[in-house]
Amino acid sequence: MAADVDKTPAGEQKDDHEDRGTPSSRRGRSRFTQISSLFIIAAIPVIGVCIKYYLDIQFVKRHEAGLKALGADGLFFFSSLDTDHDLYLSPEEFKPIAEKLTGVAPPPEYEEEIPHDPNGETLTLHAKMQPLLLESMTKSKDGFLGVSHSSLSGLRSWKRPAISSSTFYASQFKVFLPPSGKSAVGDTWWIIPSELNIFTGYLPNNRFHPPTPRGKEVLIHSLLSMFHPRPFVKSRFAPQGAVACIRATSDFYYDIVFRIHAEFQLNDVPDFPFWFTPGQFAGHIILSKDASHVRDFHIYVPNDKTLNVDMEWLYGASETSNMEVDIGYLPQMELGAEGPSTPSVIYDEQGNMIDSRGEGGEPIQFVFEEIVWSEELRREEASRRLEVTMYPFKKVPYLPFSEAFSRASAEKKLVHSILLWGALDDQSCUGSGRTLRETVLESSPVLALLNQSFISSWSLVKELEDLQGDVKNVELSEKARLHLEKYTFPVQMMVVLPNGTVVHHINANNFLDQTSMKPEDEGPGLSFSAGFEDPSTSTYIRFLQEGLEKAKPYLES
């Protein structure tokens with residue numbers, strides 16, 4: 001009986017051993033909970049690795065199955081449509097093939113398109129084009145030996161604009177207006193920002209159809225589609241996109257110059273892709289500050305250089321090992337406004353329509369007031385600002401060949417000369433030239449040394465070959481000969497005396513091989529003592545300094 005008596009004093013809470021347990025048991029449960037939690041946390045990355053391993057195995061199996069079913073070329077074409085690289089084609093990815101087979105294309109679905117007033121002003125643009133001169137291509141010299149006819153099929157058949165005339169709403173050109181905080185003459189901004197740099201690399205070549213344009217890309221895509229149905233608003237190589245600069249301003253209008261880097265893919269399946277990359281699209285627009293009226297619009301590919309288009313095409317299923325490259329001359333590619341934008345209807349003070357442009361009728365006649373600019377820049381200066389925005393290496397002036405030597409002689413400086421196939425300051429530039437301008441040539445230490453001790457210049461090989469044969473200008477002809485004597489493909493950097501003597505030179509490929517970082521290289525990748533310089537920057541500075549040293553005996557004599 002005594003065992004059944006509860007001897008707990010009155011007012012005290014009774015311990016429930018079954019529910020609460022001893023302190024040691026509570027500690028045991030706590031340890032178990034902690035260990036379980038740690039185990040779960042540790043297991044998560046293991047599970048993730050296992051899942052990734054499983055997915056990778058499945059992807060490899062699908063790739064092998066695709067290769068077995070389609071062959072290398074077939075899988076290449078499949079991959080060009082498979083934009084998310086999952087080895088499955090969604091209806092959206094299959095759409096280009098459906099359009100090709102049926103001949104029917106659904107209306108384009110552009111994202112983020114700005115709504116337009118159906119009664120607003122409209123602008124009519126006309127496209128003009130002269131096809132690329134095939135004889136200007138390097139491979140034409142041997143009759144395109146080794147180049148299959150199918151590779152150039154898209155280029156040979158492209159003789160005229162895809163759309164000769166098209167009408168746009170004036171409000172669509174709102175994309176060219178400056179953003180907030182950019183309203184002063186000389187201000188520059190990105191209309192379409194570049195998403196590539198030396199670290200991101202470039203976009204793939206094995207694509208046939210451009211992605212759906214978004215936002216401000218929509219108008220640019222529509223404009224370029226007047227030339228060819230497959231424009232890529234974002235080019236494969238940096239700098240991509242479009243930049244703009246306010247050239248002039250008045251109370252109600254802006255005059256804006258702009259520069260666009262875009263390209264076209266010319267071939268259809270079953271031929272492999274052919275990329276046609278103009279050096280740039282330059283242009284200007286005069287529009288009201290509310291984008292309700294466009295006074296003038298013009299966009300064109302500059303044709304003032306002997307070569308202005310880069311071309312690259314695949315002739316096999318491997319993206320890198322089966323690539324051909326050439327450069328050529330495009331005489332004309334431009335869009336121009338028929339006249340200022342005009343309203344399709346006019347209303348009197350009572351809101352009654354008093355005149356209308358009927359279908360097939362004569363256009364309404366308007367008289368436009370003269371625009372008086374309150375502030376403006378020379379067009380050349382505005383274009384230079386665009387150039388520096390896209391290419392920081394142009395913070396140093398690069399003068400034409402003849403002008404560079406005249407300036408060097410007057411200032412008693414050396415000429416820092418770069419000789420290459422494509423223009424250094426546009427998209428017709430070759431691969432090693434692109435690497436140079438995106439790395440060493442834009443680095444602050446190199447810019448400072450070039451500004452202090454050199455006159456800089458770049459030249460096309462073709463231009464110096466022509467200059468070498470100019471019997472009317474013996475002095476410049478000799479300078480061109482001395483340059484070409486030291487030139488090796490594709491890019492040669494030189495330190496040259498004002499009289500044309502080359503005192504130091506290096507090939508771009510050799511330079512890049514010397515400065516590329518390899519896993520087996522010893523030592524730090526950056527020189528902290530030199531202000532965080534990378535190896536290529538310090539090597540280029542050493543190249544320039546060696547040139548200065550070698551030139552001393554000539555300059556002091």
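For all residues, glycine too, the Cβ spot is worked out from N, Cα and C.
According to Swiss-Prot, the features are:
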type: COMPBIAS; residues: 1-21; note: compositional bias 'Basic and acidic residues'
type: CARBOHYD; residues: ASN451; note: N-linked glycosylation site
type: CARBOHYD; residues: ASN499; note: N-linked glycosylation site
type: REGION; residues: 1-28; note: region 'Disordered'
type: TRANSMEM; residues: 35-55; note: transmembrane segment
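Under the DSSP three-state reduction, ASN499 (N-linked glycosylation site) is assigned to coil, being neither helix nor strand. Long-range Cβ contacts of ASN451 (N-linked glycosylation site) within its own chain (separation 6+, distance under 8 Å): VAL396. If you take the C-beta of ASN499 (N-linked glycosylation site) and look for same-chain residues 6 or more apart in sequence within under 8 angstroms, you find SER409, LYS479.
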